[in-house]
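Enquirer: According to TrEMBL, the protein has these features:
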type: DOMAIN; residues: 149-269; note: domain 'NACHT'
type: REGION; residues: 714-738; note: region 'Disordered'
type: REPEAT; residues: 849-890; note: repeat 'WD'
type: REPEAT; residues: 945-985; note: repeat 'WD'
type: TRANSMEM; residues: 12-29; note: transmembrane segment
type: TRANSMEM; residues: 35-54; note: transmembrane segment
type: TRANSMEM; residues: 534-558; note: transmembrane segment
type: TRANSMEM; residues: 570-589; note: transmembrane segment
type: TRANSMEM; residues: 610-630; note: transmembrane segment
type: TRANSMEM; residues: 636-655; note: transmembrane segment
Amino acid sequence: MNPRSRKVSPVTLVIIPVAIGLVGNLWTSTVAVDAWWFGPLTALIVAVLVVWAIRIELVRSRPAPVEEAALLRQAAESLRLAVTRQWVAESKVLSLANPRPMPVRWNLTAEPRFVPGSGGVTVSGEVTWSGSADDVDALAESYRALPGGRLIILGEAGAGKTTLAIQLLLSLAEDTEDTEGPVPVLVSAAGWDPAVHPDFAGWFAARLDQGYGWLRDFGPDTAANLFTDARVIPVLDGLDEVPADVRPLILTALNAALARRNRLIITCRRREYGEAVRAGQTISDSAVIEAEPMPGAAAAGYLSAVIGRTVPEPGWQDVIAHLEGGARGPLAETAANPLGLWLLRTVYADARESPEALLDTERFPTASALRAHLFDRLIPTAIAVRPWTSRPETDLFRPRRPYTPEQVTQWLGNLAVLLDHTPNPERKVGRASLGSRDFAWWRLGAGVLIHRPPGPFGYLGMVLSSVLWAVAVGQLALGAPLGWALTAAVIVLTEYQEGPAGDHWSWERDLPGSADVGIRGRLGRLLQQIRSKAVPAVLVFAVCGGLLSGLHVLALILGAGGLPFTPALLVLYGLTFALSLLNDAVTTWMDGDAAGGPMDQWRADRRLTFTRAAAGAVTGAAIGGVFAAIARPESAVVVTALTAAAGALSAFVGGTRHAWPVYLIASARLARRGRLPRRLMEFLDDAHRLGLLRVVGPVYQFRHAEFHDHLSARLRPAPPPRAARPPTAVVTMPPRGDPADLRPVRVQTFEGFKEILDVAFLPGGESLALTTTGRTHVIDLHGKIQRTFRYGGLASRFERAAATQAQAVHSPDGRWIAVAGGTFDLRATDWSNGKIWILDAATGARHREFVHDDWVNALAFSPDGGRIAGGSQAGSTRIWDVADGTELLTIAHVSWVNSVAFSPDGTLVATGTSGLYRPQHDHRAAEVWDASTGAALLRLRGVDASGVSEGVNDVAFSPDGTWLATAGDRVTRIWDVATGAAAHTIPEGSQSLAFSSDGLLLATAARASAAVLWNTRTWAELLRIPQPHFATRVAFDADASLLATCCRGGVVQLWRLWPGA
C-alpha cells in the first residue's frame, strides 16, 4: 500500500469534467456558437482549467514536514515485517531450526583485545556470555546490552557465522517487546569497495533500495534516513570474501560512517579479520563472538535428534558411538564443523542412508576427502528427499519440475564457473576483475554477451517507430508530403535519451524495476512529470515552428506561394512532441524499484516491460487515433494501428529499465550452448527450494562458498589456474666470440608498404610479419609476400589516427596469428570497438573473435599459446582462453595500454601504459601482474625532471625472466622482477625493444633514428645502426643471427649481426 495515498481534490473532480465537456462540445458542436472567438476562448478556458488542476494536485502532493517522522516510523515497521517474513521463509528452506538449531557454542567478549602473534592476530579478553546457538534469544539480549551495539562474528570456514547472523537477525526482528528498536538487514559485504564508494551510508542505502524498493514510497531518501536515524542494523556478511587490501579500507570507512547510535554486525573468518586489523584498525566499541569447535558428543546428540527417537540402525549406532567416544579422525573432524555436520545430516540422516562407509579411513583418509564425498552426494540426496510437486504454492520446499541429479550437477557447476568469470562492475587498479559469489540475474548479460545490447537495434527501433508515426499522422491523417512528414522523425530520435548519462548502449547496466500504475494518490506525481518534461518540449517545438514559419515566409517573398502544408506540419510536430512527452512522462511515472527476492524482482521487471509497451501503445493510439478520427475519419483505423505500434516500440526501446530483455537474450544464448536450462530463473528457484542455493536480498548464492568452489572445480578439474612453464631454453648459439665482434651487415631492405606499425619474425625464423593498418603481410626473407591477412573493415582506414601500436603476433607453435584492429560498429559506445581476431596461420580462417573496450594497441600470446592478452586505449588489459573463448581476466589501468608481455614461464604479465600530462599518484607506467588472479605484484614508476609520470611504449622480459625492460620516451629502464628495483637506466628514449634469445643482447629502437644494441652484462652500448627515419620497431630471429628494424615511412631492413652468420 502506498503510504502517501490520498483522495483527489474535490476542485479537481469538478474541473476535469468541465474541461472534458468543453472539448467535447467543440468536437460535436452540440452547443453551436457562430463567432470567430468562440473556439479560441474555449481552448483558453480549457488550458486555464487544466493548469489550475495540475497546480492544485502538485501542492497537495507535497508532504507536510510533520509527516516525515511518522513516515520514517512506518517505513521501519514495514521493513521489520518484510525482513522477518523473508528470513523466516529462508530459515525454513535452510532447515536452520529443524528439528533444532545446531549446538554450536559461542563465546562473547565485550571488550576484546587483538594481540598479534606468529600465527596471526588472536582475540583476548573476558568472556561476558557463553552459550549455544539454540539459545539465540539470550545472545540477542546480550547484544542489546552492548554499549556500542557492534558485534563481530568470527569463525573458521563453515563455522556457522552466517547461520548465527540469520538467527540473531530473526531474534531481533521478531521481538514484540522492542518494536521501536532498529531493524537488522543482511547484505553481502563482497559488493562494497570503499575506494569506489567511500560513503558507507550511501552504499548501504542503495542496497536497501535494491532489495526493498517500496521504501521509496515513503520518500526518495527513506533508505538513507533509516540509517542516519539508526533505525536499521547493517549486517555485513562475508567480510572475508572481499580482497585482502580492501578489508582495512572497509573497517576504516565504517568507523568514519558510524555515529554513536549506529549498530552493526559483521561476519568474517578469524584470520582474515585479524589481518585487516593488523593492516588498519578494528571497529570501534565492538564486541567479538567466536565459535568453538563442536564436541563429538554435541554432534552425536544433534544427529540423534535428526534421526528421531527410534533405535538407530547399526551403521548410525557406530557413527554416534564414534563421535560420543571422542575418537579422532576424518569423521570427527568433519562433524566438529557446522558445515560438515549439516552435510552429514542432509546426505545421510535426512535420506535415512547407512553411514557406515564414513568410518572407512582408507576410502576417506582426510576430512577434505570426506567433505568432497558429501558435496558430491548432496545434489542426488536433495532431489531424492524433496521430489517435485504439482502444488508449488503449498509445497514450498519441493521443486516445481522433475530433474535428474546429472542435470542439476551440470547446470549448477556451469553456474559456479559463470560466477567465477563474472566481470566486476566496478574495476579498480590492482584488484581482481572477475569473480563473484552473487548471482544477480540482471547482470547475466555482462558476462555472456559479446556485444552490449541493444546495439544498433536501439536506434533502429526508434527509427522504425518515428517512421510509422510520421507516415500515419503526417501523411495519412494530415496529408503532408512524405518527405516533410518524415522530418517529425527527428523529434522522436532526439527524445531517445536512455540509460545513465544519456548512454544509449547500457541495457546490461539497467537495474530491475516494477510497474506501478495506480492512480490513487499518485496523480500529482504524474502531473509533475508532465510539467517537468513539457518545458523543454515546448521550447524545441517553438524552434521547429519558428524555422518552419520562416521557410513559409521566405517562400512567399520569393514568389513561390508559401508552403501550403505548413499548418499540417505544425500540427504534426505538436502531436509528435505530445507523444514523446507523454511516453516519457508515463514511463518515468510508472517506473519503480523492484522489491523482494530474485524471482519477485524478475517477475516485476518482466511485468514492467510489457506494461511499458502497452502504455506506449495506448498513448500512441489515443493521440494519433483520436486526431485521425477528427481530421480524416476514413483512415482512422489504419492510423490508430500504426500509431499504437509506434508508441509501443518507442516506449519499449526508451526508458531506463531493460534488465529482463537482456536476461532473456543472455539466458537463451546459454541454453543454446547447453550451459544452463532454458527456464533459468525457474530452475534457480527450484534449486533454492531444494536447499542448494540461498537468497540474500535480490541475489542467489550457493548454500556455502565451499559448495560453490567444489562444483566449479568439479566441472573444471584443472590444476591451479596456470601451471608455471619452465623458462624458455637458451638457444645454442654458434661460436661468435665477444659481443664486441658484432658487425651488422644489411642483407635486405623492404619498401613499398604503407606505414608499418609492427615487424616480427615468425616461429622458425624463415618469414617476417609486417603489420600495417588493417593488414598483416607475411613475407619470406627475400621480400616475397606469402600471405596477406585483412581485417578491421572500414575502421582500419581510420586506425592510424586512433591506434599507433597495433600488432600481429604468432602463437609460439606457429598455429595461430592474432591480429588487432577496429570495426565500424553501431553496437559500441563510440563509433568503433576494439577487436582481436585469432586466425589460422596456414589458411587464414577465423578461429575466435574478441571484443575489447576500445582500440587494441598491444597483443601477446602466453608461452604455451593457450592465452591471448590485449591492451586497449580504454585503460584495460583483457586475457582470454584461446581454445574456448572464455575471458579469464580484466586488468584495470590508470592510462591506456601500449604494450603487453607474458613472462617466459607464463605466470606473470607485464604491461606498459602511456604517461599523463597531469601527474597522478596512482599511475605506474610499468606494472607486473599475476597472470592467474590479476593481482598487482609490481607497480613500477619513473618520473622525469619535470615531475611528469613517464610513459612506457614497450615492455619485454629477459629470456630467464629475471629482468623487465621498459621503453620510455626519454629513458629506457631495466627492472629486477624479483624486487621491483631499477637495476639500470639507459639515458635514451626508445619506441620498441627486444632481448636476444640467449639474453646477452638488448635491441632498442632509439628515438634518434637508430637501432641500438646493448650488452646486458654491462649495459654498455655495443653499436648503433642508423635508420633513414624515426626508428619504431626492432626484432631478433630465433638464434639472434638476424635483426629486423623498422622506421617511419614503411622501410624495413634486415641485418646480419655476426660475420659468417
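Every residue gets a Cβ built from N, Cα and C, even glycine.
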Enquirer: Based on DSSP, tally up the residues of the domain 'NACHT' (149-269) by helix, strand and coil.
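Expert: Secondary-structure breakdown of the domain 'NACHT' (149-269): 55 helix, 25 strand, 41 coil.
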Enquirer: Just to be sure I understand, if DSSP states are collapsed into helix, strand and coil, how many residues of the repeat 'WD' (849-890) fall in each?
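Expert: Per DSSP, the residues of the repeat 'WD' (849-890) fall into 0 helix, 26 strand, 16 coil.
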Enquirer: Summarise the repeat 'WD' (945-985) by DSSP state, stating how many residues are helix, strand and coil.
Expert: 0 helix, 22 strand, 19 coil
Enquirer: On the 0 to 100 scale, where does the mean pLDDT of the repeat 'WD' (849-890) fall?
Expert: 87
